[in-house]
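Report on one structure; see the data block that follows.
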Amino acid sequence: MEVYNVTVATGTSEYSGTNNYIFVTLVGEKGESERTILDNPGLDFCRGAVDQYKVTSPSPLGSLLLVRLEKQRYWVEDNWFCRYVTVELPGEDTVLTFPCYRWLIGDTKVEIREGTGTAMSARQPTLQWVTWAPGIPKCIDAKTEADLPQDVRFDNEKRSDFEHSFRCCLADLRPVSCLISTAHVQLSTEASRVNYSPCMCVFVSEYCMEHWKEDWFFGYQCMNGSNPRMIKRCKKLPENFPVTPNMVQSSMAPRTDLDKELKAGNIYLLDYVIMDGVPANTIKGKLQHIAAPLCLLYQHPDEGLIPIAIQLGQIPSLDTPIFLPKDPPLAWLLAKMWVRHSEFQVFQVLSHLLRTHLVVEVFCVATLRQLPAVHPIYKLLAPHLRYTLEINCRGRTQLISANGIFKRVVSTGGDGLLILAQREYKVLTYRSLQPHNDFTDRGVSQLPKYFYREHSLMLWEAIHGFVSGMVNLYYPSDRDMQEDLEIQAWFRDISEEGFTELPNFGLPSKLNTREELSTLLSVAIFSSTSQHAATNNGQFDWCAWVPNTPCTMRRPPPTDKDAVTMEMIMATLPDISQSCIQMAITWHLGRAQPDAIPLGTYTEEHFTEGKAQEQIDKFRRELKKIEDHILKQNEGLELQYLFLLPSRIENSITI
């Protein structure tokens, strides 16, 4: 009689334990053990428990292939989350680990393979693709989060926190009267009548409130705000933006002019042509307004990056003047507000929703459909896909739906939001999702104090180095990768199903090299961690002071510089109700999550091999170097850029 010591670990989140019957069978090359009920004196399988049992076999099983777990109801159904099973072989010091990390629901049976095993079994594609809306990436076929498999759902603690926090946030935003002092130039909008909730961290928001009218701060946000991927170097002025050297000469440094600075590479452009013609939302029966601005910026040797000309439409005319810093102060201020209003739409719908949430969902669905849990690429990606399907389902039903929050307060809510996403998706390229290519193509590699660029490149190199190490560990040659039918099926699911209607996206037709696989995996992990943090985590910082980044505009863009008044500005900006919701939703979505798992932290040990652990440890050391560099760089800075601090980047898109 052979006796195997078996350890079973139950999940640590709320309701992970079970009082149902649990059976185990060990399956080896030479046969199976007895089907054994796991029952020690007292309670088994409590939350967080690590229980030990003995499993017998009448004869040696040989090399263990898998562990079969079975759950059967006892009185009432009680789901169970199993973290892992370990098996100590009789007469040996060898302990084999069988990672599970899944829910067992109902009377069910699962077979889990040893963590270092190479034998693969086809994963049944029970999840299906669906087109939520034409012209955007496909998503999981689930009408609401309740339709998702339990393994990809929020834990109970996460669900309670998510649903409770937004309600509390709205309740804490109390409108109060605002004392307007005519002795101060401070803008007195309805937005300034909103108190911050006591639970909100407001340092950057208050700094923004103090400096938002200053041109250098406008330029700083183009590089390090919530949408740092919009700015491009301008080598030649667009034909539809007829700025002359004389117009902007007063903004230039001594002994230079616009033509010289264009040649020197010091002129940059924000072009919101993608907004042109997007239908505006109607809120409470009142039509909102949208603009498609062009904004010229100059890298001043003393003042930094500053705006020098703004046109609030794509077609110049008498009714679409070019606003300049030397214009009446209120006219220049309102022109900058319109640019920032377009910035809100682009960063929320395109940079944040489309280029992180929806792009990463494609990888989620393909991975769950095509790769078994024992596959090394599944194990590599799994920590970076946590909760993403549920937060995206909630986003589709609660945020961007026909009756969602965007429809209530955002100028592109409703049809405009979808049209905007469809336009971006048509021009989306795989190349632009790789930061080193993106910065080169936009011509911003030499732009000083572009912290987002510097930190992104460091993180990309660390992620790509980690991924390459893992890929090379499991695929000794390109041929090994080419012959992996499961990884090729996974890639086809991504390219042919998830990313459809993209003739210029730029993915190869087939994965031919380990480097191609490493780059694709790096895009998935970078998008779900660093890029999402860059666009998501600063939402409240840049949007809580509503005039700095307004979610909607209630009046059309000004056509006469001299006609701009404070009353016009106040009537244009969001009203008190819209401002409250903007503050609430940006705090709710941008706040640090209580159960956040930082980048490089792997609470579920899918990899058990020593060499794989070495790669993980090396990755963590690289992240620590980046952390130390960023902290040192920010020492003494009045306005710090910490959104890409590795310890503040989540391992996946969970919000």
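Easy rule for this one: first residue shown is 1, then count along the chain.
Placed from the backbone N, Cα and C atoms, the Cβ positions cover glycine too.
Mapped onto DSSP helix, strand and coil, the domain 'PLAT' (2-118) counts 0 helix, 65 strand, 52 coil. The domain 'PLAT' annotation in TrEMBL covers 2-118.
Here TrEMBL flags GLY17, ASP78 as Ca(2+) 1 binding site. Over all protein chains present, the Cβ of GLY17 (Ca(2+) 1 binding site) has 21 other Cβ atoms lying within 10 Å.
If you look up TrEMBL, you'll see ASP39, ASN40 marked as Ca(2+) 2 binding site. The Cβ neighbour count for ASN40 (Ca(2+) 2 binding site), using a 10 Å radius over every protein chain in view, is 10.
According to TrEMBL, the feature domain 'Lipoxygenase' maps to 102-655.
If you look up TrEMBL, you'll see TRP103 marked as site 'Essential for stabilizing binding to COTL1'.
TrEMBL lists HIS352, HIS357, HIS532, ILE655 with the feature Fe cation binding site. Within 10 Å of the C-beta atom of HIS532 (Fe cation binding site) sit 25 other C-beta atoms, taking all shown protein chains into account.
In sequence order, ASN79, TRP80, PHE81, GLN150, ASP151 constitute the residues six or more apart from TRP103 (site 'Essential for stabilizing binding to COTL1') in its chain with CB-CB distances below 8 Å. Least crowded of the binding-site residues (ASP39, ASP78), judged by neighbouring Cβ atoms within 10 Å of its own Cβ: ASP39.
Apart from HIS352, HIS357, HIS532, ILE655, the Fe cation site neighbourhood in this chain, defined by C-beta within 8 angstroms of the site C-beta centre, holds LEU353, THR356, ILE391, THR535, ASN536, LEU589, ILE653. Of the recorded residues, ILE655 (Fe cation binding site) and GLY17 (Ca(2+) 1 binding site) place their C-alpha atoms 26 Å from one another. If you average pLDDT over the domain 'Lipoxygenase' (102-655) in this model, you get 91.
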